[in-house]
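> If you scroll down you'll find the structure; I have some questions about it.
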């Protein structure tokens, strides 16, 4: 049964008071510094019912932040930049400006609608989630390999997308120009929604490392092959004409072979046999594909076929502005009731969107969690403050979050 948003006014106060992980949250946004020197210059925005925005909120410490959060109970919480003055006093300063902010990325499933056949718009199913699995794996690899960013957190938005927060100091100190340069370099969708897998002059066939690495990550664990069958990409013969740089000779070869290789599984093996040099090494003459040798840009067909479908489709504007607001981890999506939970990249394929912690289910756990604590005979446990977010459905996601926080301040 889907979430009834009428419940939000009764669920939010219980959730914020008992389950929002305020201690690790404020520890993260302090980055090891004293409250009065840093945390108090961070902007928070509370979004209330009817999309009422309260911006430029700032707080001296964890206690003040939690008091405001648990008394206001916003439907959504956004995190902004660190400014040179306290945001709450922004109108007092003519030089008020953002000076620091995590590097962030936003990937939305609706941007995959041109290649997503199982669902459309805001609907998400397990087949859809594979798009996010590969997008996260590819971009996470690139952020470490290309830029040596270590503190990376991936958060399910609560409905149909994921957000990435990069907390390394060198990432937080980037200016807008540098952020734009990174986002532009990582974005392969430059014109007309087409993924560019080569660079240089029109007739050149140079494949940059970013493309080759993304391709290798995409094919590593077999997720992409499952997507081929889930989405029906090889059921029809559209795949023959989709690559605009393919020569007529190359198209004729594909068309001819597709009459022999008719099932999606056969066609996938055929395509790899024609365009994947490593895969070709495993073929024998009897397979009939070694007689075909693609030339020029035809050789890049498989790169395009794969990355057009699974390369991260970034909302570049989210990444370029230091002062951009982004939805906080552990806030609630008001329409689905889902908690925006940090993900474990190593286990991202196991994440089931339909089983994401939902606010009504989370708050309903409280009585049983308190009862379990009451039955605990360990006196030390009883004397410690009970942190409900350390127990129940949210616990593994809080653990993911705390690992990110540790990476940020180490």
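Placed from the backbone N, Cα and C atoms, the Cβ positions cover glycine too.
The annotation active site is assigned in Swiss-Prot to 43, 106, 108 on the grounds of sequence analysis. For 118-129, the entry in Swiss-Prot reads motif 'Zinc knuckle motif'.
Thinking about packing and proximity, how do these listed features fit into the structure?
Cβ contacts within 10 Å of residue 43 (active site), excluding its own Cβ and spanning all protein chains shown: 22. Under DSSP, residue 43 (active site) is assigned to a strand (E or B) in the three-state scheme.
Around the Cβ of residue 106 (active site), the number of neighbouring Cβ atoms within 10 Å comes to 20.
According to its DSSP assignment, residue 108 (active site) is in a strand.
For the motif 'Zinc knuckle motif' (118-129), the model gives a mean pLDDT of 90.
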> Residue counts in helix (H, G, I), strand (E, B) and coil for the motif 'Zinc knuckle motif' (118-129), per DSSP?
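Counting residues per DSSP class in the motif 'Zinc knuckle motif' (118-129), I get 4 helix, 0 strand, 8 coil.
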> For residue 43 (active site) and residue 106 (active site), determine the Cα separation and express it in whole Å.
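Cα of residue 43 (active site) to Cα of residue 106 (active site) measures 19 Å after rounding.
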> List the residues of the same chain that sit at least 6 positions away from residue 108 (active site) in sequence and have their Cβ under 8 Å from its Cβ, in sequence order, or write 'none'.
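Once residues fewer than 6 apart are set aside, residue 108 (active site) is near 157, 160, 161, 313, 315.
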